[in-house]
Structure formats: C-alpha cells, structure tokens
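Reading through the structure tokens given below for one structure.
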C-alpha cells in the first residue's frame, strides 16, 4: 500500500463503500465486534417481527388454518427457492428442511442406492478426515446401518478418509460410490475448487455431495454450473437464519425422479393427505423432505435471505477477501512475535470467508477476546477462528479487533483464570 | 341424568370446575371454538414472550454466547425431562429433538439392530394399516434402505400391517423384530391398552415402539410401568408447543448403553467438541440426538409444558372423557337423523381425547363449521374429527359447537360452494 495502514485510512475506505450500509440491516449488541457469524449469524432486522407474527397472529389467531392461509405448507420450498438463487440452483431444486446432518444422510443414502443399481461394486463413501465431524459420523452411521443389518459376508460399505486433494484424486477408483466434501473447511477456511473437483469425481464414476455449511452466503456458488449432484448446508451461519434454523438440501433436477432417500416421511409422499398405507415418493425435490418443520424457526430465515439477495454476492466476496487480507496483514504486523500461526490459505481462490490462526494458548486467548467484546471462537486443536461477514463487518472493525488481540497478547491477559468459557456450536 | 341437559346446566358445571380456569392460560381468537388442538394446540400465554426473548435478547444480544449463557445446549434434555414427567419417564430418558418421523426411524433401526444380535431371524416390522401414514412410510423406508443396499438374496426386512388387536396377537411370531403402534389412533381416537399390549409383544420376543403423538398430554401415560422399549411423539398437539415444534424420543434407561441408532450426528457423540474423526456414541439418551435443533421453536415448548405440569393429568383425563361423552350424547340427540356415524369407541379405556364421526359429506360439513368459527378437521375417508382439550374447552363450548353443527346440517349450509378449504396437518 502506498498510504500507511491506519484506522483512519480504513475508516475512509469504509465511508466510500456501499456494502457498509448493510450493517444497518442487523441488530448487533453495543460494544461488540462479532467475528463468529460463521457459527451463528447476526440478527437481521425484521426477524423478530416475523417471529412475533408467526406466534401471535398465525399460530395464536389463525391456529390450524394457518397451514393454508399463512402459507406454512409452502415455506420449505418457497424459502428453498429464494436460497437457491444464492447457490446457482434452478427453481424447484432446493428445500429447507431438517438439519444438515440429516440432509447429508438422505443424500448419501440416495447416492449409494443409485450406484447399487449401476455399479454395485461401488461401496465406498469417501470424505475428509478434517471434515466437520458430523459429516463423518453420519456417513459411518449409514454404512454401519446397512452392514450391521445385512446377513451377507464379504465386502461391506465403508467410509474412507482422505487428507488432501492429492489423496482424494488417488482414491477415486472403481470402489468409490460417493464423495462428501465440505466446500469450505470449518476449521481452516480452505476451499475446494468445486468445478474441478466435481469433474474429477464424475470422471471416476462417483457422485458428489457438497456440504455448503461454511460457504452458502459467504462465497459465490453455482451448483448447476459445477454439475454437482447434491448439496446440503445450514442457514444459521452466513445466511443469518437464527439459532438452529432448518438446513437445506439441493438435488440436481436431473436426478429428481430417479433418486430415492430412506427418511421417507409423509412430507415426501406424492399425495400426503390421501393417507395411503404404502409409500409413493413425490417426483420432485419434495422427495427429500420428511416430517413437519419448526414453523417459527423456519419463517425467520426469510429476513436474512432477503438481505443476502439484495446484496451483490460478488461484492460480498470482494469485501470478504479484502477484510481477511487485512486481518492477516494486521496480525502479522501488529501481533508479530506472539506466536500466532496462520492456518488459512493466503490464496484467494483457496479460501472461504473465515480466517484461523494456531496458538498453543488459543483457547485462553479466545476466552479473553470474548470477555473484551471481540467474539471469535475456538476449535480443537489450538485454533482461533474468526468469521468475516462483510454484511455487518467493516475495515475499522477488523482494525479494532486485531488491536484488542494485540493488547491481550501484550499484557498476557489471557492467563487470567476466569477465562474458562466453553466452546460454542460450529 | 336427572337434570335435563341444557346449556345452562352445563354452564353451572363449568362454573364449579377448577380446570376451567386453565383456559385463561391460553390466547384464543374471539368467536372461535377450537376443536383441533389434537392437530395444532393453542397458544399458551408466555410462549410469544419466550420467542421474543430468544430472538431479541438471546440471539440478537447474546449471539453465539447464548449456547452457554442462555442454556441452549441443555434445552433438548432439560425440556425432555419436563415432558417426561407426563410420560412416566425417569430423568434422563427423554430428549426433545428432530421430528416424530425421524425419531421413529431411530427407534426402529435401533430395535432391528438389537434383534439382529440376539435373534437374526427376526426381520419383520409390524405396524397398523390404520397408523398415521408417516409411521408406515418411515418403516418402509428403513426396510427398503437395508434391502436395497444389501447384496444378499433371500429373506429381507419387511413391513407387515395388521388391522386389529386379534391380528396383532396372531402375527407375533418368531419373525417379528419390532412392533410400532400409535397409542391413540389419529383418525378414530381408539387407544391401545399399553400395558397389556406391551406385555404381549415382549412375551413374543419382539420390542415395541409407541407413537404418542395423539396421546402425550391427552391421556395418562406411564412408559416405565408398561415396561415399554421406545416411545416417540410430537409436542405441538396436546402439549401446545407451537407449529412444528420439535418432537420427542424416549428410550427405556435399561437400553441406553446397548442400543445404537444410525442418524449418528455430532449431538449424539460422547464428546462432540473433541472433533474426533470417528464416531463414539454417548452412553445416555443423547445417543438419540443428531444435529442442532431450531432453538426458537424448541424454547417455546416450555410454556405449554409448564401449564400441563401444573394441571392434574387425572383431572384432565376425567374432563376429556366427560366432554367426549357429552359431545357424543349431544350429536346423537340434537343431530339425530342427519347421518352422522360415531367412529370413536364409546368405552372410556379404549379411546383417547378426540372424537370422530363419519358422514358422506364430511369434508363439506367441516368446511362449513370452520367458516362458522367451529374449527375441527377432516380426515380421509369421510371422517369429521374433533379434538377435545380440557385445558381450554368447556362444556358450554361443546354445547355451542354441536348446536352449530346441528344448524349446518339442518339448513344444508354445507352444500354452499365456497367450502373448499384444504386439509390441515395432523
């Protein structure tokens, strides 16, 4: 940079940035710099009003009638279509329902069944050792279910873990049925090249499921352009849907009539109100639904989606890259010598929208930061993680956060005993 | 009765009834008699305030910290224990999580796996043809998953349907692994004798899952006294948890360490924040959880539970029986000759807390009733269904509802074309 990097120079850049105005669309607490929007996004204005409307009017006054009159029945697909516009989805390809973990189970089971018909020797689910653990656990649960209930001996379904793209490519042999990858890694922030990796997986004869939990709303995504098979993800991180808001599942339209999934609740039935005594799946994305959704938590998602759709995703991404670059530069200049080691890739194309550092006292440092109003989070082992959400973070926020980090490191404030908060949810 | 049955005589009984005061604990719309609390319960006072607190304070101000500071982490089990007191559960046996359909999948898969170890020839899931359809569909989905992915030929997992208790008892042979029954039938209101039927199922060597969707909060239940294995159910009917509020699962403590379930998300892991790359289940009811729950919808459940726990369940049951008897008597006297045929058992021990009638124009009659402010619902085929919720229904409500029904039948008002509402959610 030609001008020296100061808080004032950053404030000038903020003042000229149209995206900064989106900060007014959120209610954030005073005195807090929130760097954990990759774990739980901030409260959009309008969400509290929407919740009150659902509870007081639609539930309280409309009662059961609101399933029709307030559009509750349509919400999973209507909101799914809105969300889909951020994913490169076509209308009718996305549903908001259940949790990310459950949606991954549906996608993996569906992929295994399709492979069973075409290529029965493909019985491996390939995923990342460094994936968010629930993705590994649910794959293991699925394989274990089939293996344990089957009477057969011999080759069983298996979950294999890879540690790098080179290992992934080497592992793509004729035994692999499906590959489940997190587009952006929950800990490191590193990002797969969705187009190239999808193509490599398809070339090997396998199917792919992308977990977009740390990507949706954070980076530009085009699932159809990448020709992906399935995607799942959550709405409570960069999409600001609220705590535990229902997750999404996307299935490429070319698969809708063919693919089957085993969590075949009545919402996935072709005619749920006929009350038939045998299951006939819907011939569209409804096939990937299951049971009745939590209406209040579901309805609130719309407030965050509307803000995200108003923003220019390319501009969000540009700001995210700039803010992460700034964070790294400030840590490496103003916190030099304190032992923080960058974990996140520097290369723009190889990272998402959070930035992580390793430090042997990472846990205590994060606890001290939170105590001082700079909210990041901690991930085993030794990782300090900071979510960068350009819709409500500015350059001066980044400056102030790193200054607080510097002060804590400089004064050894993190050694104080009271810093014993427990980890938050990813 | 010695005194003639009049609206006035009923009003006198209401005035002397301490349970009637519980009606003030709910916000109900003016001019409505709500007979669909078995589909979506009414709005308890306090629920809207709790939702606002979660959204505005806990999410908006607390942000990610609220997982710890607002007790979000503990809610599924804390609320589960509260609910468990209505089910004859011991502390630590009940979790509120996911949907009824998904919890049934977990319970059935767990039961099949246990049987596989002890009695591998037991591969039949037995359930009722007249069960709520999603219960049949999810059993079929589970069997289909294992059968379709297995390489073996020969005997496969199978879902068999029974139509009566006699058929159930006859079907309990050495091939049956697990029996899934709805304690109270969603359409007819008929109720199984949980103690006797559980004993018969156990005597045959099978396990039992009780679906309590139309029973929890409606009738006295003692799962431990009945020695049941699993139970699932929903919180948005007689428990007044709100639209689509998360469901519950109960597992007898004697099974906690032994039973396994395949929807093995990170919330079921022994140490979810260790981020281990292989799955180790928790040794308690947490094993039956999966992913992050919708906090706002979950938190609101407490308002309804607190009211239910304050009421005397024996008194609720007594009023329910009296109100249903009254409904039947009034229909059979004041609506005689209009072709309504009672579907629900008259015998007290054989029914739950809703009452159903068959009529060839049932759909149109219900639509007319709803239009006139008497909200019941319709279920295929030709069934008018009325939920009786003594916490917010009085004897005079029943009188007024049947009078409205009589007027609609007498004037043929149901023939008017505009009555074309669509069915509501069960």
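For all residues, glycine too, the Cβ spot is worked out from N, Cα and C.
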Listed alongside A:100, A:101, A:132, A:133, A:134, A:135, A:211, A:214, A:236, A:266 for pyridoxal 5'-phosphate in TrEMBL, from A:94, A:114, A:198, A:292, is A:292
I'm trying to understand the geometry here, so how far is the Cα atom of residue A:211 (pyridoxal 5'-phosphate binding site) from the Cα atom of residue A:237 (N6-(pyridoxal phosphate)lysine), in Å to the nearest whole number?
13
Recorded positions in contact range of chain B, given that the Cβ distance is under 8 Å, out of A:100, A:134, A:211, A:237, A:292:
A:100, A:134, A:292
Sparsest Cβ environment (other Cβ within 10 Å) among binding-site residues A:132, A:236 belongs to A:132
Note: in the chain of residue A:237 (N6-(pyridoxal phosphate)lysine), residues six or more apart in sequence with C-beta under 8 angstroms of its C-beta are A:37, A:38, A:39, A:40, A:41, A:213, A:214, A:216, A:217, A:218, A:387
Per DSSP, residue A:100 (pyridoxal 5'-phosphate binding site) is which: helix, strand or coil?
helix
Name, in the order they occur in the sequence, the residues of the same chain whose CB lies under 8 A from the CB of residue A:100 (pyridoxal 5'-phosphate binding site) and which sit 6 or more residues away.
A:134, A:211, A:213, A:232, A:233, A:234, A:247
Checking the spread of the pyridoxal 5'-phosphate site as listed (A:100, A:101, A:132, A:133, A:134, A:135, A:211, A:214, A:236, A:266, A:292): what is the longest Cα-Cα distance, in whole Å?
30
Residue A:292 (pyridoxal 5'-phosphate binding site): secondary structure state under DSSP, collapsed to three categories:
coil
Per DSSP, to which secondary structure element type does residue A:237 (N6-(pyridoxal phosphate)lysine) belong, with helix, strand and coil as the options?
coil
